[in-house]
Structures are given as C-alpha cells and as structure tokens.
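J.: Sharing the features that TrEMBL gives for it:
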type: TRANSMEM; residues: 76-100; note: transmembrane segment
type: TRANSMEM; residues: 112-136; note: transmembrane segment
type: TRANSMEM; residues: 148-170; note: transmembrane segment
type: TRANSMEM; residues: 177-196; note: transmembrane segment
type: TRANSMEM; residues: 202-220; note: transmembrane segment
type: TRANSMEM; residues: 240-264; note: transmembrane segment
type: TRANSMEM; residues: 314-337; note: transmembrane segment
type: TRANSMEM; residues: 343-363; note: transmembrane segment
type: TRANSMEM; residues: 370-388; note: transmembrane segment
Amino acid sequence: MMPGPSLFVKSRPFTGKLLLLCILPLSKKVGFMQQPLLVPGEGMEESPPKTLPKSLRDRISAYKAMAWEAYRSKPISHWILLVLSSAAMLVAFPASSLLSRLYFSNGGKSKWLISWVAVAGWPIPALILIPTYFILGVYPTPLNLKLVVSYIVLGFLTGADNLMYAYAYAYLPASTASLLASTVLVFSSLFGYLLVKNKMNASIINAIVIITAGMVIIALDSDSDRYGYITDSQYIMGYVWDILGSALHGLIFALSELVFIKLLGRRSFHVVLEQQVMVSLFGFIFTTIGCIANKDFPAMASEARRFKGGKSAYYLVLTWGVITFQLGILGSTAILFLASTVFAGVLNSIRVPLTSIAAVILLKDPMSGFKILSLIITFWGFACYIYGNRPASKEPS
C-alpha cells in the first residue's frame, strides 16, 4: 500500500517469472496491490550472456555499445513509456506516503479512511484494462470458484495491510515509516523462498541482514525520531504495525505469484491488470465495510471542518491520495513489462531516500544522525539485493 514501499519480489533465474508487487501503500504508501509477472515475450528479452573485457576502459566501451544496442532495438515509443512509467513510480509512491502523513498531521483521525483511499482508485486500472482487450484482441480471463476465492482472500489481506500501514503513518514520521516499510523486501524474499521456491543466494541474505540492521538502528533512536504529541506507546504501536504490514505485504507477494502459477498459468499484461482490478475491488469492499462500521463516512464533514487548511485541502489530500496510490502501482506494473525486475529494484532503492528527503523538506520530519545512517544502510541493502538478481556475465579466464 503505502510506499512503501514499496516494492518488487524475487524470481527464479532466467525462467521469465518475475513478480512485482507496490502500495506501497501506503504504500502506503505503498503499498498495497499485487504486482505483475514478467514472462517470456512480454517485456525486455533476456539476451545470452556476453563476455566482457577486463580493463576498465574496455569495460566502459563495452557497456556503452551494449546500451546503444539496447536503445536501437526498441522503438522510441518504448523509451517514452519507460520514462513516463519511471516518473510515475518515483513521484506517485513518495507522494502517496506524504499525503497519508499529511492527512494525520493536519487533523485527520480515521485509519480506516486512509486504508480505503489506498484502494478506492480501483476504477483507474479498470479504465485502462477495458480498451486493452480491444487493442490486444484478447478476451477477459474466465472466472472460476478457485480464482474468485483467491481474489477475495488477496483483497481482504490487502485491505488489512493498508490498515496496518495507516496506523504506522498515524504515529510515525513519513521518513521513518518509509524506511521501515522497506523491510517488505526481506519478507517477500523469505516468503518467496518458502512458498514459491524462489532462489536465495548470499547477496540476498546479506541484503536481508543489512536492512534488518537499519531497522534496529531506528528503534534505538526513537527518542529523537518522535513528534512531541506522540506518546511512547503510540510510537511503538506505529513501529510494530509498520513491520507487521511489511510482513503481510511480503506474504501477499508470494500468494499472488502462486495464483499466477497454479490458477492462471499465463502472465500477460491484461491478466496482470485483471488481478490488480479484482484484488483492489475486494479490498475496496472490505475497507468500505470497515468505514461504515466505524462511522467514518458520516464523520468526514466534521473532520473536514477541523482540518488545517479547510475543507478544500481535506478533500484534495484524499483525492490525490486515491490517484497517486494507483498511479504508483500502474507505473511499477509497466516497468516490469517494459524493462526488468532489476530496474524496478533500482527505482525502488531510489524511492526510499526520495521519500525521506521530501518528508524532511516538506513535512519538517526529524532527521537525526541515526536515521541518516539507517537510510544509508538500507540503500546498501537494496544494492546487495539488486546485485544478487543481476544477469550473469561470463568473464574471460
């Protein structure tokens, strides 16, 4: 859902089964939707390993030649879409995280409402999906009982995940919540290994240890990282819910991959969009029931009057929250089909510091030396993960 963080998952080497999944949401901001799979014939093709020269100058020349070859192999429209998708991922995910925190810092109280906002934009991918059928000349995937039940379960888990992240953003600075949400990489790797039998190498294990160490540093520095009006118990609750939300997000990733492997059997762009629409729809139904039971919808009018900036600011925050959550997921979806999961990992590693820096500048988040250290460590952990998923190249002996 939130931001989260968001995020990408491990896949088996060179099988073409690469799964991404961002809310992010909060995402929060990231995170919150299941992410797609990259399959043979869909997206960047895997080329045979190339032998690279050993000298630095020759290596640079070789990489330049490879980059130019890759550029010429695709039409200009491919690169335009790749740039737009990258911008959507790098802008929408941090924006959704900041908007979630802005809602709470300016007087918003409802965690259910923010979790509802994270999935209320489900018609956006639906509007893209419908013309896709005509453009690609394909038919909607037939529904059966198992597939419907899987969508309902994933939708329920997504709604619960959004709610956990909402508690995190209610009690933690946006920069801290975004850093903690990066642990989704840890849990997605573990659940992917246990449930889907994805590979686990030394670089990935190293990334898990490094990112975990970064989260411990934040926990030890809670005194300088807490807003004055947040109590110790609220801060601890936000920390715990953020980690639990990341764990659930990682489980959702693995279960989503199982749905594609066991039930769908095919992984094309329109099938991925179908899953995003259906899971968001059931998540929307779940959070709507929660908002009704909690009487959040009738309370919106009074909450808007008390909101700093007035009613217009209140509804703008919620509206843009709905839009940015879905745009972030659509951008990450397109990245996997236009490029690769490694490139998505690179963008995700950039997104975390972007969110933290933006939160410090725009929301005046506290930024201690320990948090800066945690940010650097987390960035290094992402680098280890990306290195562990790099395409292998043959070195001359």
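Numbering starts at 1 and runs along the chain as displayed.
Cβ coordinates are placed from backbone N, Cα and C, and glycine is handled just like the others.
Locate each feature and note its surroundings.
T.: Remote same-chain residues near the transmembrane segment (202-220) are listed as 10, 176, 179-180, 182-183, 185-186, 189-190, 239, 243, 370-371, 373-375, 377-378, 380-382, 384-385, 387-389 (criterion: CB distance under 8 Å, separation of at least six residues from the stretch ends).
Only residues 6 or more beyond the boundaries of the transmembrane segment (370-388), in the same chain, are considered here, and those with a CB under 8 A from a CB of the stretch are 175-176, 179, 182, 185, 189, 201-204, 206-208, 210-211, 213-215, 217-218, 220-221, 224-225, 342, 345-346, 348-349, 352-353, 356.
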J.: Is the number of Cβ-Cβ pairs under 8 Å between the transmembrane segment (240-264) and the transmembrane segment (76-100) three or more, considering only pairs separated by 6 or more positions?
T.: no
